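The signal peptide annotation in TrEMBL covers 1-23. Residues or ranges marked as domain 'GH16' in TrEMBL: 18-219. According to TrEMBL, the active site, nucleophile annotation covers Glu104. Feature annotation from TrEMBL assigns active site, proton donor to Glu108.
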Amino acid sequence: MASSVRQPWQLLLIVLLPSLAAATVFDDNYVPSWGADGYHLVDQGTETRLTMDRTSGAGFRSRSTYGSGFFHMRIKVPGGYTAGVITAFYLASEAPYDGSDRDEVDFEFLGNVDGENITLQTNVFVNGDGDREQRLNLWFDPAADFHEYKILWNPYQLVILVDDVPIRVLRNLTGQVPEYEFPVKQMGVRASLWDGSDWATDGGRIKIDWGRAPFTAGFQGFDVDACANTSSTPCDSTDLWWNARRHRRLSVREQAAYEHVRRTYMNYDYCADKDRFQNGKVPVECSYTT
């Protein structure tokens, strides 16, 4: 069983991001997007619960869209037999939402059978082009308690973090490297609990057992420190703390922790899966992994 105790390699980290106030309530920055029937989505102010059964799942979204910033959520995913169940926290550009040209940054927790690890999958879409999955088994059980999941997105890099540990980095090398892609569209924050039976667990071979329903996920931490679409400050301004020099590259210690996660916990990286790409040619960003 994964441990929730902070590991020695985590203690070496310089905290990447400032602490945020914890008093913000759901309605300040978020609204339900589906399942708002008083059962599948329950707003308790500083905590919101999403529940899925055979009739519905649920989701919510931010009131604003953003052009850069720091996004975070404290999440406790469903436990026990959760094969086919997906708990998601992600950024996505708004319209048209047919997948044709969206930018998106995903946390997706893929449920599993009893006794097996829940997989965390991250993905990045640019102009509708995804297929950038990375998967890892976390160093703790994400169903046992709430943990912090964060996205730092600025004009220089995209950093995905778990409990302040970088687990994925995409540098912005557009304009420097031909065909390089980086998300630049205004994106909103979204979260959902939904049925992913067709692919989530063992490639879709293991489905949701509705006899184990309902499945419930908890969400906390509804403050957003980001450049909203209504802001008078340009979203690439250095007056915004997340665009400051110290957030343009990982520090030496953050880099060491990031490399440790990749070596120890990652079990799938699209960049290493050459068979899925034509002629074995991986996407250009794979040659510039931080």
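Any Cβ shown, glycine's included, is placed from N, Cα and C.
Given the structure is predicted, the values throughout are model-derived calculations rather than measurements.
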Cβ packing number for the residue listed as 'active site, proton donor', 10 Å threshold: 20
Overall pLDDT of the domain 'GH16' (18-219), taken as the mean: 94
CB within-chain contacts under 8 A for the residue listed as 'active site, nucleophile', separation at least 6: Tyr90, Leu91, Ala92, Ser93, Asn123, Val124, Phe125, Gly130, Pro183, Met187
